[in-house]
Each structure stands twice: as C-alpha cells, then as structure tokens.
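Swiss-Prot lists 117-127 with the feature compositional bias 'Pro residues'. Taken from Swiss-Prot, the feature region 'Disordered' covers 46-65, 108-131. Marked as zinc finger by Swiss-Prot on the basis of sequence analysis: 177-199, 266-288, 294-316, 324-331.
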Amino acid sequence: FPVLGLDSRGVGGLMNSFPPPQGHAQNPLQVGAELQSRFFASQGCAQSPFQAAPAPPPTPQAPAAEPLQVDLLPVLAAAQESAAAAAAAAAAAAAVVTAPPAPAAASTVDTAALKQPPAPPPPPPAVSAPAAEAAPPAAAATIAAAAATAVVAPTSTVAVAPVASVLEKKTKSKGPYICALCAKEFKNGYNLRRHEAIHTGAKAGRVPSGAMKMPTMVPLSLLSVPQLSGASGGGGEAGAGGGTTAVAAGGVVTTTASGKRIRKNHACEMCGKAFRDVYHLNRHKLSHSDEKPYQCPVCQQRFKRKDRMSYHVRSHDGAVHKPYNCSHCGK
C-alpha cells in the first residue's frame, strides 16, 4: 500500500474518503468496484493492475506468394536430362538385340569317323542252370533253344531280348509244391491237389452221389468207459443225465455229401456210435434202456421221450391234425 501512496489509515480510510454514489442500493460488490475504479483513476492508472490485460487482436497473415517461373527452371532442366538418359538406354538395348552373332569356332569333330558303320555288340553270356536244382523238362528245352539262338545270331539284339524275358519267367519259382507227374509248381497244397485231380480224373473232396452213407461208428477199444457208481443212478440209464465220453485220438471227423466236415467228439460207450453234442448222445442212450419215464395223463401210456408223449396227449383232444387216411379201412 505505500506504493500506491496510502497513509496510515489503510484501505478502510481510503474507502471512507470516497463516499458511495447515491441513487441506488448499497451492493457491496458493486460499491467496491466503483470505489476501486475511482481510486485507480485518481492515481493516474487506466485500469486496475489486478485485471488481466485484453489480448491483442490477431494480425492478418499475408497470402503465400506463388513461385516464379525463374524458380521452376532447375526442375524443368532435370526432367529434360532424365528423358535424354532414358532414350540413350533404349537405343543401347536395341543395338545389343540386333547385333549379328559371332562367328562359330572351327569344329574339332572327326566327321570321317562318324561315317563308319557301328561295331557289332558283344555276344551275350551263356546261361547255365544251377547244379543244385534240377530244371523241369520244359525249362530245360527253353534254355537249350535260347542258347542255340545266341550262337547262331550273336549280333541280333532284337531276338535276344524276348528270350531273356522268357527265361526270367520260366525260372521264377512259384512255390514248394510240385506235381510229381508234370513238375508244375504251385503256391499251396490246395492248388496242387486240384491239379492232381486232373491227372487222376477224380474231383478232390467230393463223395460220389451213389455211395452208401454208413453211420459213424467208433471202436469200443478206443473208448474209456468209467465205472458207474451207485450215486449216479446205476444201470447206465441216460434219463438221469448220464455223462459224456470223450473219443480218443482227437475224436471222429465226418464229411457230409456237400463237403462239410463235422467233428463228433461224443460216443456211446455201449455201441460206439459217435455224436457231435451231448444232447444227441443222451437221446441215443434211451434206445439201450427199457425205462419210460414219461406217462400220458389220459391213458397212462408211457414213453421214452417227452416230445413223443406230448404229441400223444394232443391226439386225445383232437388238436393233432391228421390229413392222411387209409384207403382200405379209412383210419
């Protein structure tokens, strides 16, 4: 405040020295602003130092000047120089393409040697069969014919090539199965047996249609008959579920008329007849006994098998259809 020239009374005394204007309400803010402006006006200031100075108006910028033609002369000169260099390069490339070829060097090939006829090829080596294996008659004849052809025409390359291929085909082994009559080889035994049937005139693995089929029987000497105990029912009765008997030497194999092989491992210890399962064996054992465990509930007739008894019971109530009648008695 001493800078502004205030005395010891301070700001309060300064404000009292300037009476507020009359004619309007006493607004503290408005009165303070008026007093402040009157004070700075008396001190010779245009405005209050606490107020920000107004920003100066923007200075208008002058428009950019266009380049003169003198400034563009270096650019035009550089463009002309690049066009001249491109034309010179194109002319040099055209001169290289249209240049005549260089004269060829003198040939050092002996043309007289080329006019001479070619020398005959050397004769092929003699083909000999290995001593360890005996060649079949057909293969031996083929080898002899090939050797004769090689001796007669040693310079014929066209005739030697087919003979070599024939020898390669004939000497190639197909398998270890060889026919004893014609020495033909096969890959497996099945094909060999079919081939041997051609020599004998019989079909392999087939039974003649007129041949009589006999039931498969097993000698009793091959059977192992167990000792029957009293706990098993005794008497060899099959109705109580008798056991099975294994056939010695791996069982019996039967071949049907269609060529199907059936293995029968269960044999009857009384007659030696063989069966393929236990069911048919037990049903067969009923024929050796006199026991008839199944009885008809209507007429008390007894049967060995249950299916026979069931069929008989149906005949009592007329459930069994009998379409066949006797021509003599009508039954």
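Heads up, the Cβ atoms here are built off N, Cα and C, so glycines get one too.
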On the 0 to 100 scale, where does the mean pLDDT of the zinc finger (266-288) fall?
84
Counts by DSSP class (helix H/G/I, strand E/B, coil) across the zinc finger (177-199):
11 helix, 4 strand, 8 coil
Could you count the residues of the zinc finger (266-288) that DSSP puts in helix, in strand and in coil?
11 helix, 5 strand, 7 coil
